[in-house]
Amino acid sequence: MDFFDEDDAVSMRQEKPEEGVVLLRQFARANVADMLQDIHQITEKSPFRHMLTPGGYTMSVSTSSCGTIGWISDRKSYRYSPYDPETGDHWPVIPPSWYLLVHQAAHLAGFWDFVPDTCLINRYAPGNQLSLHQDKDEEDFNVPIVSVSFGLAATFFLGGMTRSSKVQRLLLTHGDVLVFGGPSRLRYHGIAPVRTGHHPVTGPYRINLTFRRALG
């Protein structure tokens, strides 16, 4: 299944705000319906939940995962686990068509042979946000991260290598795919509070898929 053809690749708008950061506008638009159906099936098996942080706070964003392992958070730590702590079962598998999407997106961004082993599914309600952070729970920082956005728009904060670095603001809209890796893999990043709205596909939510390879 192809997510884009040659004409799409030429006409698709690409933005490169920093070295190693590529925003592919509307890259996932062709398979939105299928992917949202997949998300529904995944979250029937591993429902959305609000995880605790090691500091004892409850995350405003609700999460689930799929893949060989999934990202979890509790009072102990942020980490990956092969089991969903809510169900005790293995996480649902990543749908095969998703691998093609993220492989092609990473390839267009200049990263070859990206094969994720985990996908974090975040659901943002209006007002939900994600503070500046680095993704450092993975074993190999040479592997990029691919992020897919559906539903309500959100402002993505792209920072630098320290929390106090200057922040750029990127508007992520329905179907956009953001890839970051290489010298930008450990940039601080976050999401501003999502504005109240209603999207014809996702209703009052923003859905974000973040693909990583957690194991080396």
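The first residue you see is number 1, and the count goes up from there.
Note that Cβ sites are derived from N, Cα and C of the backbone, with glycine treated the same way.
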Annotated companion of H133, D135 at the Fe cation site, TrEMBL, chosen from H90, H174, H189: H189
By Cα-Cα distance, the member of binding-site residues N122, Y124, H133, I207, L209 nearest R163 (substrate binding site): H133
Residue among the binding-site residues R79, H133, R163, H189 whose Cβ has the most other Cβ atoms within 10 Å: H189
Surrounding CB atoms that lie within 10 Å of the CB of L209 (2-oxoglutarate binding site), all protein chains: 24
Secondary structure composition of the domain 'Fe2OG dioxygenase' (115-215) [DSSP: H/G/I, E/B, coil]: 3 helix, 44 strand, 54 coil
Residues near N122 (2-oxoglutarate binding site) in space but at least six apart in sequence (CB under 8 A): V61, S62, T63, L130, I207, N208, L209, T210
Close in space, distant in sequence - F211 (2-oxoglutarate binding site), Cβ under 8 Å, 6 or more apart: W98, V102, F114, P116, T118, C119, I145, V146, S147, V148
